[in-house]
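Record features, source TrEMBL:
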DOMAIN    3-161  domain 'Glutaminyl-tRNA synthetase class Ib non-specific RNA-binding'
DOMAIN    164-191  domain 'Glutaminyl-tRNA synthetase class Ib non-specific RNA-binding'
DOMAIN    198-225  domain 'Glutaminyl-tRNA synthetase class Ib non-specific RNA-binding'
DOMAIN    234-533  domain 'Glutamyl/glutaminyl-tRNA synthetase class Ib catalytic'
DOMAIN    536-629  domain 'Glutamyl/glutaminyl-tRNA synthetase class Ib anti-codon binding'
DOMAIN    646-721  domain 'tRNA synthetases class I (E and Q) anti-codon binding'
C-alpha cells in the first residue's frame, strides 16, 4: 500500500488525492498499470507531472481497460500531450473496439505530431478578423467574439484555446482600440412579451408566511426581518439548471418565467448552476447554458454555482447532525431506491458518532457507496430520509479535488435559495413532492426559508427533450449533435433560425399555469413566422432549377432593384442581375396543361416577379426524353395580358446547399409505449432531413453571416448554417403545414 502511495505521488498527485485514489480499487489498479507501462517506455524517472495528469485522467475515464497499455504508451511517447488529444484518443478507442488499432487513423484523429506555432495562430486569427472586419468596425465590442474564437478553433483544431483567445483579444484591441463609453453602454434588450400567469397571487417580498402551506416557526418573523434588511424588499428569483446537458424549449419557459417575473417587478434573477454531480458536468454545458439565457435576451444579475457554497453547505450539514436531524448511514444505494426502502438500522446512532463519521467521509476514508449522510424526515411522496451527502471520488469542474463528498439536490437547492435570499423559488410541478423537505430543512437549520411555487412544465409533441434520450439519438447517428435542427434544444432552434423573440412570444402565448401544457409544434412555428415576416429580408432561390433562355432579350444583363420587404419598400432593397439565362423551379412548368394549374405551360404565359416581364414558351428542349431547358420569349408586363401567376427566378446565381427539415418522429408521443411499443428510436421519420446540394440563390445573400435569416420568396424562411456560408437551413415554411415542424 505504501509503495503504491509513493508511486502515485511520484507522478504529481497530492498525498490526499493519492489516498483517495487508493480507496477506489478499480481506478487504483488501472492507474498503477498505466504508470508501470509508461515507466517501461520512458524510464522510472521520466514520468513527469504533466504526463502523470494525463495518465490519471486516462485511467479514470477509460471504460475498456484492454486499451490501457496502448494509451499509456501513446502518453509516454508524448504522442498524446494535451487534454484535447486525450479526449480525442478516448473517443477513438471507444468507437474502434476491433483489434488491432489502425495507428495511422488514430494519429490523424488525435492530432499526433502536429505542432501549432504561434505564427500559425497569429495568421489564423488575422484571417478570421479580416473576414469580419467590416462588421467588427460597425458593431465594435458588441460583436459576438465567440464567433471569432469558433472560426479560429475550427482552423486550428489542436491549438491551445487560451493562446487563441489571447491572440483574438490582442488583435481586436489593436483593430478597435480601448473600449469607449459607448462600448460600455448596456446593449438594448429585445422586447419581452408579458407572461400570462394563472397561478394564485404571489406573496410580497417578506410576507412569505401569507402563502398557503408555508411553515411558520418561532423564529420565522425575525428571519424575514433580516431577509428584508438584506434585500430591501426586492423580488429575487433564480434559474437553476444542471450543467450536464443543453437547454430545451421547456427551459425557455422557465427562463422567461424566472427572469420575466423578476423584471416585471423591478427585481433580480440569478443564473445558478446546480453543479453537485461532477461526473456528468462539462465546460461546454456551462458555456452553452449562459449563451442561451443571453440569446433569449436576459442578463443574469449574477452567475453563481451551488459549488460556491460547498463549505457553507458542509458547515450546515454538521449543524444539522448536531441538532439531531441527520445521521451517517451505511445502507447500499440499491437498498435506498424506491419508496418502500427498509428503515436504516443506523437512524438512531449517537450524534457524536455521526459527526466523527461525517468528518471521515469528508477526509476520504470511505469508499464510494460505503456511507451517506441522510436527513431524518419524510417527503410528501412518502420517501423516507432522503440522502443529503454522498461520496464521489470525481474532480469537480470548479473545486477540483478539494471535495470527495457532494451534496444532493434535496439538500442543496433550498439552502442555496436561502443563502441568495430568493423570494420566489419557481419550479415545475414534479418538484411539488419536495416542497415539504424544502421547508423542513430550512426550518430545521433555523435559516431564512423562501417560498416554493410550482407551475406546469411545457411539453411539445413529436419530440423528446430528455438528456438521456437525446444522447441516444446522437450516439445512434440519427442526429448530428445537440444542435441538430430537428431537435427542440435551444441550440438546435437557434441553428435552425428560430428568432429568440419568437420563442419568448411563444412562452408568453402559452402562459404559466399549474397544469402541465402539451403543445403542437405548429403553434411555435406561428410565432416564428410572425417575427420573420417583419425581420427577414426577401431573396429569390430555386431549389430544383430548370434552365430558361429568353431568346428576345439582349445579351447584356440588366440590374434590377428588388425591395427587401415588398410590403414596405422603405425598409430597404437590393439589386439582382437579369440576363437572357434565368432559372426557375421545375415545378413551375408543366408540359401538359392541367385544370387549375396557373403557372407556365406551352399554352400559358407567366409573369416573372420583380422583373416587369411576362414569358411565353417557344421551345421545349429535351435530352433522351429528359427536360433540360426552355426557350421563351418575353414582353413587358405593361403591354401583356395580365398572367394568372408570377413566379420567382434567379440569374447569375450563387450555388448553395439547402437543408429541409420535417418532424423527427412519426407519432405525437414517441415516448408513449402505447403509441410506440418498440421505443422512440423505432419511430424516426426517414424523411426528417432532405439535403438539396445544387440549389441556386440570388447574389443578394453574399456576405451574409451565420444565423442571418431570409425569406426565399414562395419557398420559405431560411437561416445561414454555421457549417458554411453556402448552407441554408429551412426554418419554417411560408404557411402552416401540420406535416412539418
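Along the chain as shown, residues are numbered 1 onward.
Note that Cβ sites are derived from N, Cα and C of the backbone, with glycine treated the same way.
Sequence-distant contacts of the domain 'Glutaminyl-tRNA synthetase class Ib non-specific RNA-binding' (198-225) (same chain, six or more residues past either end, CB-CB distance under 8 Å): 231, 233-236, 261, 423-424, 435, 439-440, 443, 446-451, 453, 455, 511-514. If you look at the domain 'Glutamyl/glutaminyl-tRNA synthetase class Ib anti-codon binding' (536-629) against the domain 'Glutaminyl-tRNA synthetase class Ib non-specific RNA-binding' (3-161), you find fewer than three C-beta pairs under 8 angstroms, all six or more positions apart, and that falls short of contact. Sorting the domain 'Glutaminyl-tRNA synthetase class Ib non-specific RNA-binding' (198-225) by DSSP state (H, G, I as helix; E, B as strand; all else coil) yields 9 helix, 1 strand, 18 coil. Note on the domain 'tRNA synthetases class I (E and Q) anti-codon binding' (646-721): DSSP counts are 7 helix, 31 strand, 38 coil. Remark: secondary structure over the domain 'Glutamyl/glutaminyl-tRNA synthetase class Ib anti-codon binding' (536-629) totals 6 helix, 49 strand, 39 coil, with classes taken from DSSP.
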